[in-house]
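Under the heading compositional bias 'Basic and acidic residues', Swiss-Prot lists 177-187, 426-452, 482-492. Residues or ranges marked as compositional bias 'Basic residues' by Swiss-Prot: 377-390. What Swiss-Prot lists as SUMO2 cross-link is 201, 212, 218, 321, 362, 405, 460. What Swiss-Prot lists as domain 'PPIase cyclophilin-type' is 1-161. According to Swiss-Prot, the domain 'RRM' annotation covers 240-318. The phosphoserine annotation in Swiss-Prot covers 178, 393, 471. According to Swiss-Prot, the feature phosphothreonine maps to 182. Residues annotated as region 'Disordered' in Swiss-Prot: 167-188, 368-406, 423-492.
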């Protein structure tokens, strides 16, 4: 009570449960005997679930029982046997396929999973695979499409009955030998069962590596299309754009455009910068109007010295500037021009970090000096009797401040601020104002000194006059004789 199935991948032996499922086993044995299963496709392979075959049409909707062969279309199907109940517990269980009305025809399935309880009571178990489980495993691992149809044909080439306990029904036509397959049977529209799937046969190692690289690139492109990074997996980068790397951080867009413009008109030249700091990332993209100009620049400019750096030039592999509408959409030349116009428009909003700071915010040192000047002038008015050393200290303070100012000038020059000349004139103006204030202070002090000297000299002169008058009065009050004696003594 066993049958040998010769498949395109190997032989499989099935033992039948003739006592538990006599009608199903009779149907299966007699169909094998009339070579009904020869060249049938395995048309449904669901990994770790089932392998389905037995339909001569290969669609899964055909096939009839042996009783239909004997008694006509009215007997194409027979009732399912449900008693005793046999479960789909192990791999290799063989069952007749239910056509939806608890009836069976010619199709059967082989399980490739364990404990498939949801098949119990639906499909009738009538045998199991005892030999050839390795072949069942190969079939289980074959590649299939979305409908679970194998890409390469797997067929039952021949069936051999090893033991048949049932008598042949009358009028059963048994062929003398296996019939030849028809063209319709072999033409499935897929890879033939006898075809070798070897793309690398007869190719050199270099060609094999190239084919593998192309397949890997194609796979990655499809993956990028799936995640939305590419409009189409078959899209190609533009052939008029150059990629330039190993640039000096000080190299600007204008510098590169001037250097590369000698090869032809340039549409755009962009040095890629960090979005947050604005610093150059040392690579750029240059788009030419003509592909010929791009090729000339590629051959001439590689390894050229620019700003003390040896640059590297290659054709761009980026499609970042390509605009598409929706996933997998195509783009036109007009769409590309519209995209360029949108990129050239100035943004309506400016990031706070990119706004130029006001002029006052860059001169904290000058503002501090002005505050010190106002403070010193206020103290000068309140204390006019300060010594001359105060003026000298102010001059020394100015001399000490000059290096700071020069340092700031160097810093602003390095930062590249264009309005440095205005800031320098502002500095000179403030310096002249301070010099005027210092001169005014010195003049006021000199006037105070002159006034003090004149007042002291005047008071001394008045004191001398007063003493003279007083001495005259004393002389008058004395006797004439004494005065005469005194005068005589003078002339002695």
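Cβ atoms here come from the backbone N, Cα and C positions, even for glycine.
Here the features listed in Swiss-Prot are painted onto the structure.
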residue	record	contacts (Cβ under 8 Å, 6+ apart)
178	phosphoserine	35, 38, 158
182	phosphothreonine	none
201	SUMO2 cross-link	none
212	SUMO2 cross-link	none
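If one looks beyond the region 'Disordered' (167-188) by at least 6 residues along the same chain, the residues whose Cβ comes under 8 Å of a Cβ in the stretch are 30, 33-35, 38-39, 41, 56, 58, 66, 69-70, 153, 158. In terms of DSSP secondary structure, the domain 'RRM' (240-318) contains 22 helix, 30 strand, 27 coil. Reduced to three states, the DSSP call for residue 178 (phosphoserine) is coil. Counting every protein chain shown, the number of other Cβ atoms lying within 10 Å of the Cβ of residue 218 (SUMO2 cross-link) is 12.
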